[in-house]
Amino acid sequence: MFTGSIVALITPMDDNGDVDRASLKSLIDYHVASGTAAIVSVGTTGESATLNHDEHVDVVMQTLELAGGRIPVIAGTGANSTSEAISLTQRFNDTGVVGCLTVTPYYNRPMQEGLYQHFKAIAESTDLPQILYNVPSRTGCDMLPPTIARLAKIKNIVAVKEATGNLSRVSQIQVLVDDEDFILLSGDDASGLDFMQLGGKGVISVTANIAAREMVELCALAAQGNFAEGRRLNQRLMPLHQHLFVEANPIPVKWAAKRLGLMANDTMRLPMTPLTDPAKRIVEDALKSAGLL
């Protein structure tokens with residue numbers, strides 16, 4: 001369940017900024033039909049930053065309910081306060097989520113020892129499998145391979161989502177981690193195929209929100225070692241990988257999902273604003289290049 005194409009699911013909202021349950025069901029059904037390996041609910045792409053804790057939990061619980069056991073659900077549970085991250089994580093004990101994705105603390109920029117103690121405390125507070133999440137471009141905090149290796153020794157820390165886009169990190173982590181069952185996942189669609197060729201086991205993907213079948217196929221080709229065919233598919237998807245970040249994520253991907261009829265609105269809460277007209281043209285062209293329009 002922690003390998004292959006895992007979607008970092010967008011959170012559909014109505015015109016008032018409340019969760020659009022009908023669109024959420026439509027998105028989940030789309031991923032079930034497409035063969036997506038799992039859903040990450042309320043991560044960065046799911047707008048965790050603009051949901052309060054009760055709303056955060058509610059979205060995950062609605063996702064679980066609508067998934068109905070058809071697809072595994074991973075809860076995003078990151079915070080820049082350890083006690084807050086523990087509290088949020090514990091709210092998902094015995095709910096049916098298969099694990100938690102926990103981002104490094106953002107803004108306060110802890111030292112490597114602080115990162116170790118943070119994730120260790122979270123893992124020791126629950127039996128749920130934990131996926132570390134390193135995305136320094138957003139958090140201002142880079143969890144280095146030696147710290148990841150230390151954390152990999154903790155029983156229920158089972159994987160890392162590495163979103164630096166730095167492919168040398170794959171081999172650096174592999175050299176340092178003793179546990180061959182520890183899973184490396186790419187958090188960067190544009191370099192995901194190369195990441196898997198170096199030993200990664202999948203992608204936690206933004207692109208999968210709108211190209212679910214294609215990302216499932218890409219990850220399957222990588223798992224089979226068919227990188228020649230995978231590269232051909234990835235070249236077709238590359239404009240999407242890149243231009244879904246033409247403005248801050250998830251602004252472009254929510255617009256694209258609405259454009260493709262996957263959900264009713266591309267509403268976001270402030271400070272996120274609608275996709276600009278010049279960016280719409282760029283994303284539209286990427287959708288056409290990928291064969292989605």
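Our numbering is plain: 1 for the first residue shown, then up by one each step along the chain.
Even glycines carry a Cβ here, placed using N, Cα and C.
Annotated features in Swiss-Prot:
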- Y133: active site, proton donor/acceptor (ACT_SITE)
- K161: active site, schiff-base intermediate with substrate (ACT_SITE)
- T45, I204: pyruvate binding site (BINDING)
- T44: site 'Part of a proton relay during catalysis' (SITE)
- Y107: site 'Part of a proton relay during catalysis' (SITE)
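Everything Swiss-Prot records as a feature, shown here on the structure.
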| residue | record | CB count, 10 Å |
| --- | --- | --- |
| T44 | site 'Part of a proton relay during catalysis' | 24 |
| T45 | pyruvate binding site | 23 |
| Y107 | site 'Part of a proton relay during catalysis' | 8 |
| Y133 | active site, proton donor/acceptor | 28 |
| K161 | active site, schiff-base intermediate with substrate | 26 |
| I204 | pyruvate binding site | 30 |
(request) Give me the Cα-Cα distance between T45 (pyruvate binding site) and Y107 (site 'Part of a proton relay during catalysis'), rounded to a whole Å. (result) 18
(message) Whole-number answer please: how many Å between the C-alpha atoms of T44 (site 'Part of a proton relay during catalysis') and the residue listed as 'active site, schiff-base intermediate with substrate'?
(response) 12
(request) Going by Cα-Cα distance, pick out whichever of the recorded positions Y107, K161, I204 is nearest to Y133 (active site, proton donor/acceptor). (result) K161
(message) Can you give me the Cα-Cα distance between I204 (pyruvate binding site) and Y107 (site 'Part of a proton relay during catalysis') in Å, rounded to a whole number?
(response) 23
(request) Work out how many Å separate the residue listed as 'active site, schiff-base intermediate with substrate' and Y107 (site 'Part of a proton relay during catalysis') at their Cα atoms, rounded off. (result) 19
